[in-house]
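Quick look at what TrEMBL annotates:
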TRANSMEM  B:6-24  transmembrane segment
TRANSMEM  B:65-85  transmembrane segment
TRANSMEM  B:105-129  transmembrane segment
TRANSMEM  B:154-172  transmembrane segment
TRANSMEM  B:208-225  transmembrane segment
DOMAIN    B:295-326  domain '4Fe-4S ferredoxin-type'
DOMAIN    B:360-392  domain '4Fe-4S ferredoxin-type'
Amino acid sequence: MSEKLKVPTMAEYMAEGKQPEILFWVGSAGSYDDRAKKISRAFVKVLHKANVDFAVLGTEESNTGDVAKRAGNEFLFQMQAMTNIEILNAYEIKRIVTACPHSYNTLKNEYPQLGGVYEVLHHTQFIEELMSSGRLKLKSDSTLNGKRITFHDPCYLGRANEVYEAPRNLLKSLGVDLVEMKRNRSTALCCGAGGAQMFKEPEKGDKDINVLRTEDALKTNPSIIATGCPYCNTMMTDGVKAKERESDIKVFDIVEIIANSEEL
Amino acid sequence: MQFIPNILFAIALILGIGFFAKNVKKLIRNIKLGQDVDVSDNKSQRWKNMTMIALGQSKMVKRPIAGVLHVIVYVGFVIINIEVLEIIIDGLFGTHRLFSKMGTLYGVLIGTFEVLAALVFVSVVIFWVRRNVIKLQRFWKSEMKGWPKNDGNFILYFEMVLMTLFLVMNATDVHFQDMNSGNVISQYIAPLFSGLAESTLHIIERSAWWLHILGILVFLNYLYYSKHLHILLAFPNTYYGKVNPKGQLNNLEAVTNEVKMMMDPNADPFAAPEEGAEDEVPAKFGASDVQDLNWVQLLNAYTCTECGRCTSECPANQTGKKLSPRKIMMDTRDRLEEVGKNIDANGGEFKDDGKQLLGDYISTEELWACTTCNACTEACPVSIDPLSIIIEMRRYLVMEQSAAPMELNNMMTNIENNGAPWPYNQMDRLNWANEE
Ligand code: SF4
Ligand code: SF4
């Protein structure tokens, strides 16, 4: 079933002389990675359900430069940042929402010095806002009721920016049985993807970081491991595979869990 | 002849404090070898951090056992040192327990000191057991061999001896025991010496008194060579520590200028640089040696207590990679000391010794293993930022030496060409909307 989602671009808004409420920053993973694309689609569905006026940059969006900066390539980072800022400022963007904590961190904390000042939200923060303002109502008799779900804190959302509760509040409002890993919030273990590790083989060691983190998660005996980051999602999915548990444990982004339970 | 003890005391005091001052000067000089960095922002947040983290030990108690023991030793040490004031005055003027004129208050004070001394002693013994008998993993990592390991134990022995001397001094002080006020602990130690003549007791008391104060002076001078420097540097270090969100890496201003030039179609590449602009461009991007780091990072290195909390939380270290954030800090300090000695030996000028922090101390294998997860900065009880040093050295590797791992070079080429870390077409960036 191939259904065409309505994803308006800023260029289209501009042509109509309108300004959307938010810009959805899709990010490179959300645009190209097969697994992460599903997260982007789930988020768009939720946005539609809540009647949010949003747009994306589409082909005018480019990589934020987060990985380049963390790999040490400040030149490439700043070139990317300035290119993006030029476009964002030309469209007079005020509010950005993204499903990628790396984009979130970079846009929020590292663009201002280069002239890009915006209000930036992680999608879980924005959805929480939609719910508390009553714009998004979720079914109370969700199929998730009582399901054991554990949440893995993405480093760039948690420790890096101290957003710990928004994702948890969403899960709780779905009525799930939220079980915490022993290391959670500020002491959560990294999934192993950050700092450009996603794009290279790990250094010599005795274990892969994502497997260690998956073991943390498995100890909570979950049926779903929830994340809020496309990279964590890949890492945890691979970890579950390495542990040969993919038949009974699923890895989902929180917005996918919401979209599924709402049958969007 | 009767003034000889006073004179000896004064000499010991002057020597002890003099050497200490000399080391402090060296310390400041070494820290100033670092690059300038603006830390004049967020003053109130900085004061708050210092009060909470250094004074209030807020991060220490995240690990409750070590935290509580440390608070005891810390509070005990600070308070018992009030007693040193009396010792110094007594020593200089030949008085004996000058403050005892305060009466009951004196008893309360000394009583408190005695209880604290006993608690400190017990805590220090537990610390020793954790290190040497239980062998907590983080104290037995590869960077903790030789001096760092001995240093950790020396301090514990030092504190045991100092506390014992203090209590013995009180126990053998006949007058003090007769006063029977404030001798809450020492009254139980006094019977151990009960068979001895008063003159012998006096000798023991005097010896304990002298050893106690000399011990403190030696300790003061030991600091410079030890991880124990943190008892002083934790304060400035938590003040100057990072106040921005942990995820925010600093912006390289010099790069900004160049990138702006490159991207501005109107910029004249042959235009003469602005007045003074020349010296704004740094000699190199990133850091290959300690002088390339900023002075707060060097202060970090001297402040590190080698507790290993960072390393025990580090995902790379936990999975057997070579990277240990504690080692990054220890290497930085060791290299900085080496550079400092080099400067001393060469009349105030650094002579190239063919060595540097990168390669001779920290390997690229360690640097590339970091996930930038900030577990280390979160865990550090004194606001040290090993990650910033790792990034600074990666910057050198990539921007000065083009020495990134091949896969990362591919990734960066992709970003340059397609605006994504993978080799996809920029024009396909919105295709996800039409797929299922
Ligand atoms: S930021 Fe790097 S050094 Fe620090 S804990 Fe994470 S992986 Fe280890
Ligand atoms: S950097 Fe901080 S946490 Fe790590 S060993 Fe030093 S003092 Fe301990």
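Backbone N, Cα and C atoms are what each Cβ position is placed from, and that goes for glycine too.
Annotations in TrEMBL come from automatic prediction, not curation.
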Criterion met for the transmembrane segment (B:208-225) and the transmembrane segment (B:105-129) (at least three Cβ pairs under 8 Å): no
Tertiary contacts of the transmembrane segment (B:6-24) (same chain, 6+ residues out, Cβ under 8 Å): 88, 91-94, 213-214, 217-218, 220-221, 223-224
Chain residues in Cβ proximity to the domain '4Fe-4S ferredoxin-type' (B:360-392) (below 8 Å; excluding those fewer than six residues from its ends, i.e. six or more beyond): 49, 53-54, 57, 59-60, 62, 230, 233-234, 237-238, 241-242, 246-247, 249-250, 286-287, 292-293, 297, 300, 303-305, 307, 309-316, 321-329, 331-332, 334-335, 403, 405
Helix, strand and coil counts within the domain '4Fe-4S ferredoxin-type' (B:360-392) (DSSP): 18 helix, 1 strand, 14 coil
Counts of helix, strand and coil residues, the domain '4Fe-4S ferredoxin-type' (B:295-326), according to DSSP: 20 helix, 0 strand, 12 coil
